[in-house]
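J.: Quick one: structure below, then a few questions.
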């Protein structure tokens, strides 16, 4: 199936001369009171930054987690207010989803510099891209997706990420779950596989000569 022309505006990786050996860890669907602190602990242990694509409704519930991740050197990005499929939304609703999430983030942590947007489910449309540009946000997709949300096993998550690791790779992981899976979001062990895999992925990337950064 041919990729729509407008999708060329959504980067799936990031490379530049100065960041030729960088890999970017990103986390969607948080903040979550069980998972996000554990993810932050692993990142702190290995002294690497990441970018967290936060859902605005969760940010309002757990502003302290946004303040913590910013204080620890991570970036917060926009993952909309309620995580809808934006392809089913009219342009006004798309704008509202992005604007309300942005306001929730900066209200939780005025120091947060929100520079990126990731569409829920990775579903991009021309309306979404236009709204992203008007909001001053760079659209970001991914190049490495181990589908950790499906709990495929720690080895699968690690192997998929390492197989896709190359200069500029953007890795998609999760520190929560969408609001329509709210019952799972209350499970303390929701992202245990992601957590264990992350503790293996980071040193493995370093051993391959990659530097891990948050999105530029």
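The backbone N, Cα and C atoms fix where each Cβ goes, and this holds for glycine too.
Pasting the feature list from Swiss-Prot:
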ACT_SITE  28  active site, proton acceptor
ACT_SITE  174  active site, proton donor
BINDING   79, 83  divalent metal cation binding site
DOMAIN    21-213  domain 'NodB homology'
SITE      148  site 'Raises pKa of active site His'
J.: Residue 148 (site 'Raises pKa of active site His') to residue 79 (divalent metal cation binding site): how many Å between their Cα atoms?
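T.: That separation, Cα to Cα, works out to 18 Å.
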J.: Below 8 Å Cβ to Cβ and six or more residues apart, same chain only. Which residues does that give for residue 83 (divalent metal cation binding site)?
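T.: Listed in sequence order, they are 29, 55, 120, 178, 179, 180.
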J.: Does DSSP give residue 83 (divalent metal cation binding site) helix, strand or coil?
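T.: Once the DSSP labels are grouped into three classes, residue 83 (divalent metal cation binding site) ends up as coil.
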J.: With every protein chain in view, how many other Cβ atoms are within 10 Å of the Cβ of residue 28 (active site, proton acceptor)?
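T.: The answer is 26.
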J.: Indicate the candidate from 79, 174 with the smallest number of other Cβ atoms within 10 Å of its Cβ, considering only these recorded positions.
T.: 174
J.: Given the model, what does the mean pLDDT over the domain 'NodB homology' (21-213) come out as?
T.: 96
J.: To the nearest Å, how far is the Cα of residue 79 (divalent metal cation binding site) from the Cα of residue 28 (active site, proton acceptor)?
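T.: Residue 28 (active site, proton acceptor) has its Cα 7 Å from the Cα of residue 79 (divalent metal cation binding site).
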